[in-house]
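Enquirer: Got a structure for you, written out below as structure tokens; questions coming shortly.
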Amino acid sequence: MLAALNAPFPWTRRHVLSLEDFSAAEYALVLQTAGSFQQVLARRNRKVPTLQGRIIVNLFFESSTRTRTSFELAAKALSADVVNFSAATSSLTKGETIFDTTRTFLAMGMDIVVVRHRDSGVPHAVARDLEQLGSPVSVINAGDGQHEHPTQALLDLFTLCTLLDAYDPRPELLAGKKIVIVGDILHSRVARSNLCSLVTCGGEVHLAGPPTLLPGEFRQYGATLHHHLAPALEGADFVMTLRLQKERMGDYLLPSLREYHRLYGITRERLALCSPGVRLLHPGPVNRGVELSSDLLDDPRLSLVSQQVTSGVAVRMALLYLLAGGKAA
């Protein structure tokens, strides 16, 4: 496995900001590399010296449990040094700009910065600023507003492909598979990134949700839209439910959580419409009894949520490794 990691990689991307222009070959490379690191994480000693001496900064301006912790564990498993930034206790509270904060870490020798922000486009702006300074630092988008969440979509892709072939996860395994994404599509950066990856890999993507949370613009991504759940679920191989982002929506978009669950909540009865062997995904955090019932979430025969979390560490290890040059420091 370690010999495979030392092989030359056709990776030319400096940043991971969006999946809109990711190629099938790049998805294949990420999956292959993540598969190798998944083997590392299954060992008793879950650490390799690959990025020893490198500095990874987690620049999170928005609350996060899974994503920040996953990036931290990924960097530490690669033996990198990790700095976790807290906006609440930083000089931002004194009027410092995000760019000045980033430049401060640049002066301290960071190699990769992971940026999460409530506003769309911030990671891209940070990347442009670093490029204008002539810095070789790479930027990873860990979620920006309603725009994208590339690493979540990559770990979802890895979860699906390893389920279909644990020994050789590859994008073409999703060809012809019906994948349904249900919920607050309008505000979901996860949905946008997953649309990019799943369609590129040959998946048949269907979106379902209330008309107020599922605008027609999503057809341009190659998805089929449904405002009624039953037709969307018919013959589905995978169903991904999304959290209702009440903090981003006005009261006029949704009558009530109870009404939403009645019309769009995933229950065992509704799963009968899907293909035999259907599996469930959720990027988290989950509102139990709203997006899907608790018994489904806790059923290991149906739920892939724990596998998604596990996949996240391996996928983020792969991205850090590839951005660092695909070789040990």
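The backbone N, Cα and C atoms fix where each Cβ goes, glycine too.
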Enquirer: Please identify which of Arg43, Arg116, Arg118, Arg258 is recorded by Swiss-Prot as part of the carbamoyl phosphate site containing Arg66, Thr67, His149, Gln152, Gly284, Pro285.
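Expert: That carbamoyl phosphate site, as Swiss-Prot gives it, pairs Arg66, Thr67, His149, Gln152, Gly284, Pro285 with Arg116.
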Enquirer: For the binding-site residues Arg66, Arg116, His149, Arg189, which Cβ has the most other Cβ atoms within 10 Å, all shown protein chains included?
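Expert: That would be His149, with the highest Cβ count within 10 Å.
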Enquirer: Using Cα coordinates, what distance in whole Å links Arg66 (carbamoyl phosphate binding site) and Arg189 (L-aspartate binding site)?
Expert: 15
Enquirer: Whose Cβ lies within 8 Å of the mean position of the Cβ atoms of Arg66, Thr67, Arg116, His149, Gln152, Gly284, Pro285, the carbamoyl phosphate site, other than those residues?
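Expert: Checked against the 8 Å cutoff, the neighbours are Ser64, Thr65, Ala142, Gly143, Val190, Pro283.
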Enquirer: Other than its own, how many Cβ atoms are within 10 Å of the Cβ belonging to Pro285 (carbamoyl phosphate binding site)?
Expert: 10
Enquirer: Quick one: Cα separation, Pro285 (carbamoyl phosphate binding site) versus Arg189 (L-aspartate binding site), in Å?
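Expert: Cα of Pro285 (carbamoyl phosphate binding site) to Cα of Arg189 (L-aspartate binding site) measures 14 Å after rounding.
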Enquirer: C-alpha of Gln152 (carbamoyl phosphate binding site) to C-alpha of Arg189 (L-aspartate binding site): distance in Å?
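Expert: About 9 Å separates the two Cα atoms.
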